[in-house]
């Protein structure tokens with residue numbers, strides 16, 4: 001039987017270093033989920049580009065101008081997500097707490 005202080009040291013050395021690298025309140029995103037999220041983001045980006053390209057060239061109505069602006073904002077947001085998920089091979093997600 002090991003003393004309590006040695007058991008604590010033993011448990012610390014057997015922990016997964018990847019989990020230890022995560023900040024508090026975050027969990028490591030599995031590689032498969034990261035790739036799937038990246039695929040969905042890229043597909044969403046392509047869909048928004050297709051919709052933007054299908055808008056009339058001459059956009060003089062308020063509705064078309066507003067939709068074009070909305071699509072451009074969505075493209076910026078999606079592009080940011082793509083950069084995050086493709087630049088880092090190991091992503092962490094922040095846990096949301098219900099209050």
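Keep in mind that glycine also has a Cβ here, set from the backbone N, Cα and C atoms.
Note that the structure is predicted; figures quoted are calculated from it, not measured.
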Report summary line: Among 1-22, 23-44, TrEMBL lists region 'Disordered' at 1-22
Requested in this report: Calculate the per-residue pLDDT averaged over the domain 'Enkurin' (1-93) and state the result as an integer.
Outcome: 80
